[in-house]
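Annotation comment: Swiss-Prot describes 270, 273, 305, 312 as [4Fe-4S] cluster binding site, evidence class sequence analysis.
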């Protein structure tokens, strides 16, 4: 399949969140955030593990109180994936979770306090080799910037970010990444473009408060897709009012669609029409459900008739072309003598895909499967 990637990624420095490299050409990391009460340790640990199971590289956890900080200590002890502590208002919470092995601190300088408090957090992070994310958000800009610009603008987001980048620079701290999120696509995109020209640190991408599963996925795909196609971005989070597991799936789907990072199966499926020889929609939905555990990069085309089916199958790892009672099967673009009974397509195709994944895995170094 045509898979040339014309994207030239923006050059940046590298930091590490736990053992996950960020920036300087490292694979773009996909992260999410728990939506449980952090003080409910069991529920939070369960959600983190669920996120890890679908491929999350990093998970952010809100730590709003000292009680939550104590819970974070227990959560960290029971999980393996790198954890970011999300800190607002009380800088002392950042100091506390640093004692408990946090992998990264996310602070919003607009509400964390004065420069001396930021300095305390930075000195602690330096001592413990913990990176920081400066998280600028259009909904929580500093009062003086709102007075100056009257509303969130790309320039306001940039000025807020640079104000706090300058603080870290003065403190000789360079282990950080930056985000300038907004809920409006054009506002966020332009802010990131401006920021990308000003600093060399990694950028964390996101359209904040994007919306529900459908609308938020679309908004995030448009905004992040624009930036990623320009080579901007080193980590990302899809902010959805939905199960956080869906954020990881959508994140990987965006990267997969741009051929930046392939994880799992890329299904190529027709929307179906009266020419379909089998139930395309239910077939695809069921295969997506059954094969969520397959992380091997693979293109699978499922087309309901012979109009476009053979052409798509020629450039797929596995292809299915609808036929009368039995459908044609392609392997690596070659039509096979074997045909699938239309009443048993899901089981037959699942078996072929899993077998193909095993073959591909034998050709791909294990460490590359998660790239």
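The backbone N, Cα and C atoms fix where each Cβ goes, and this holds for glycine too.
Note that the coordinates shown come from a computational prediction; the quantities given were computed from them, not determined experimentally.
In this view, residue 270 ([4Fe-4S] cluster binding site) is surrounded by 20 other Cβ atoms within 10 Å of its Cβ, with every protein chain counted. Annotated [4Fe-4S] cluster site 270, 273, 305, 312; additional same-chain residues within 8 Å of its Cβ mean position, judged by their own Cβ, are 271, 272, 275, 276, 280, 303, 304, 307, 308, 309, 322. Taking each Cβ in turn and tallying the other Cβ atoms within 10 Å, the top scorer among the binding-site residues 273, 305 is 305. In the three-state DSSP classification, residue 270 ([4Fe-4S] cluster binding site) falls within coil.
Sequence-distant neighbours of residue 312 ([4Fe-4S] cluster binding site) (same chain, 6+ residues apart, CB-CB distance under 8 A): 268, 301, 303, 319. Classification of residue 312 ([4Fe-4S] cluster binding site) by DSSP places it within a helix.
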